[in-house]
Amino acid sequence: MADPEVCCFITKILCAHGGRMALDALLQEIALSEPQLCEVLQVAGPDRFVVLETGGEAGITRSVVATTRARVCRRKYCQRPCDNLHLCKLNLLGRCNYSQSERNLCKYSHEVLSEENFKVLKNHELSGLNKEELAVLLLQSDPFFMPEICKSYKGEGRQQICNQQPPCSRLHICDHFTRGNCRFPNCLRSHNLMDRKVLAIMREHGLNPDVVQNIQDICNSKHMQKNPPGPRAPSSHRRNMAYRARSKSRDRFFQGSQEFLASASASAERSCTPSPDQISHRASLEDAPVDDLTRKFTYLGSQDRARPPSGSSKATDLGGTSQAGTSQRFLENGSQEDLLHGNPGSTYLASNSTSAPNWKSLTSWTNDQGARRKTVFSPTLPAARSSLGSLQTPEAVTTRKGTGLLSSDYRIINGKSGTQDIQPGPLFNNNADGVATDITSTRSLNYKSTSSGHREISSPRIQDAGPASRDVQATGRIADDADPRVALVNDSLSDVTSTTSSRVDDHDSEEICLDHLCKGCPLNGSCSKVHFHLPYRWQMLIGKTWTDFEHMETIEKGYCNPGIHLCSVGSYTINFRVMSCDSFPIRRLSTPSSVTKPANSVFTTKWIWYWKNESGTWIQYGEEKDKRKNSNVDSSYLESLYQSCPRGVVPFQAGSRNYELSFQGMIQTNIASKTQKDVIRRPTFVPQWYVQQMKRGPDHQPAKTSSVSLTATFRPQEDFCFLSSKKYKLSEIHHLHPEYVRVSEHFKASMKNFKIEKIKKIENSELLDKFTWKKSQMKEEGKLLFYATSRAYVESICSNNFDSFLHETHENKYGKGIYFAKDAIYSHKNCPYDAKNVVMFVAQVLVGKFTEGNITYTSPPPQFDSCVDTRSNPSVFVIFQKDQVYPQYVIEYTEDKACVIS
């Protein structure tokens, strides 16, 4: 028997991270070795921990999902002895209509951790969980928390009584499957909780795709225990395979996980069925010989297509590149059509649970397939398809057919507000700067859904490897040279393709080299990263070659605007949502996210997060709009969480309202009203002139004309340096004024050998309002702290506050934030700029509750507001949210050298 305290602690950690973690990430949170942890998980069994494996040619990644046998009693009034929890499930999730003062009106108990409930939790070894952690665990373990299942639903392909108008709002899935007691290995009812319609209903009831994914994996595990795989019965004793509709990880289309991937030969012996979305009006798989299906399984192993991230628990889809698989294509009615010859549905490898100490490596099912892969796929594809494996919405297809977009002009098209003309130019760049971008290798690529509405390429890694891989965005799988569309494009664009384009089978990193951008890479030709003259790079896949676009700055400018998702380039249309140029995949290479690098890193990508209001306007998080209270989270905070947990859900507040933001679904949900808003993540635009200026040195003043043209066209640049709209007032204080005396004395306390030239007061009502609101929330007085920086940043700071992306110091050992000093001399000595061009800001800073910092921190630990160098008598304060800071004064000073008599 596993140690109850250890199991409870592991469950607590998992629930604090959304109910699921990669095994490697879990090992970092506990003081156990890997063999010890594996033994605990095995002894505890799948009723406590479901262990999943995602495998590929690069290796195996294991994930752990928390579950429990504890259940909530469904009776309104339970008078008899009961081993279940008695509580209000809506209150547990923070959604009960009765407030705390009205809890007596609710039919269910609001005492989550009552004495009776505590006994039940103790019996299930869960007494150490708090309310929030218990909510996570029960939500993915107890089917009582799921929406109602339709009682009229009889299964796919059978006569259904359910014909409600409007369509049924209940779940059409197997009720027994959710309870873990379905006795049919080939059940006629659907076991696919990741079906589009099911997900939509789940979302309406507050269950985001992350939670549904965990429920799917837990139910799959129970079903495998109930129906262990064995020798297949004769066909006469099996149900018609055409109507099977279960989802055992391999049947997931948008995400999924594979539990202990088996070999192809073993998998071929098990039933391999399509999901409910695929099987209507199709021939039975019984018609296809087993040997033929087995051969097709082996052919699908190592094609030039994507596989799910090895760091996640998503399904290894052997059918193609998208999470839906290239063996399917979505038609306008939402159905899917197979691209396999003689196969009426997609085929997936089956998998079995094995004991933790005996986790086995992948069987080599990917060998000897390259020469035969063309026999699996149809030689022709519909023109409406964006690429082989890149699915395209009917909206995108219809839009491209519109004659208004197929102009010779280069223009950016805003979906609702018309078009914005931009200078025309050739489609591709002949003279791209930098070495060839060898973005993919002979192994398959990894794809995952992104917050930008498309997919990203990521290299095989443990749970949360380098963030740069998340910023390389692309769709579609690698097209074969024999694709007839490639020849068509090559005929028309052969004279403009780049000579430095990269082959898809080259080996290289997806990350643009920061050293090359800043001061020159010391590794030169041996550097594994991409060398390019901009922190972003746009390319299009033609055949097996990634070709650079010309005028990348113009494409980037459109992409950075959250309201723009289509732009036309000559006779071609770029769709930022699906990352395609007509029927060809495109991608955006990028530098790493700014929150993952030290504060003094230059040219990292700063991502901005937006939500869409009722009028269709994209609002930046943390920004006040239409006199509404701004949210208590901003882009830097969200980006930090996204980089550490890209499948997570973030709770936050805006005024008195509570919300949840799902990274995977990119949806913001009002917890009370259940209304949802779209969310998007786009980078801050960095013009080429700024890159050149930073290479020359940050003290060089930029051309003022550039900022006018940029801010007039693109709203996302409000946080970008030098793009100020003069929304502040800077006034010099007279040297006899008491305010001048107070500030100067504070400055000279540590700067005795320096002379003050001027002290100017900053007045910015917008920044002051945000600071005042934050101050009222934290209920504390601010400290007067110092921050030395380049004179070139005065306008940016006065207008938009401090920014760790641009206004950096050499330090980062206490966290990746903004460094303020108690003594001015400390900030002066740590300023990385020429002393002749340095100014000193005096800021009001809300340090709040602080703890000792760490170089890995991108935000303060929970329950803390800032980080310091030492807790006893701190002299350095690291702030991660700029609303905790208000720049109040700026001091111009020079060194007062002593007179020397010779």
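Using N, Cα and C of the backbone, Cβ positions are placed for all residues, glycine too.
Feature annotations, reproduced from Swiss-Prot:
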type: REGION; residues: 2-254; note: region 'N-terminal domain'
type: REGION; residues: 221-251; note: region 'Disordered'
type: REGION; residues: 224-254; note: region 'Binding to EXOSC5'
type: COMPBIAS; residues: 235-247; note: compositional bias 'Basic residues'
type: MOD_RES; residues: Ser263; note: phosphoserine
type: COMPBIAS; residues: 265-278; note: compositional bias 'Polar residues'
type: REGION; residues: 265-287; note: region 'Disordered'
type: MOD_RES; residues: Ser275; note: phosphoserine
type: MOD_RES; residues: Ser284; note: phosphoserine
type: MOTIF; residues: 285-292; note: motif 'Nuclear export signal'
type: REGION; residues: 299-373; note: region 'Disordered'
type: COMPBIAS; residues: 310-336; note: compositional bias 'Polar residues'
type: MOD_RES; residues: Ser327; note: phosphoserine
type: MOD_RES; residues: Ser335; note: phosphoserine
type: COMPBIAS; residues: 344-369; note: compositional bias 'Polar residues'
type: MOD_RES; residues: Ser355; note: phosphoserine
type: MOD_RES; residues: Thr393; note: phosphothreonine
type: REGION; residues: 445-481; note: region 'Disordered'
type: MOD_RES; residues: Ser469; note: phosphoserine
type: MOD_RES; residues: Ser492; note: phosphoserine
type: MOD_RES; residues: Ser494; note: phosphoserine
type: MOD_RES; residues: Thr554; note: phosphothreonine
type: MOD_RES; residues: Ser590; note: phosphoserine
Secondary-structure category, per DSSP, in which Ser590 (phosphoserine) falls: strand
Segment-level pLDDT (mean, integer) for the region 'N-terminal domain' (2-254): 80
Pairwise CA distance, Ser590 (phosphoserine) versus Thr554 (phosphothreonine), rounded so that it is a whole Å: 16
Reduced DSSP assignment, Thr554 (phosphothreonine): helix
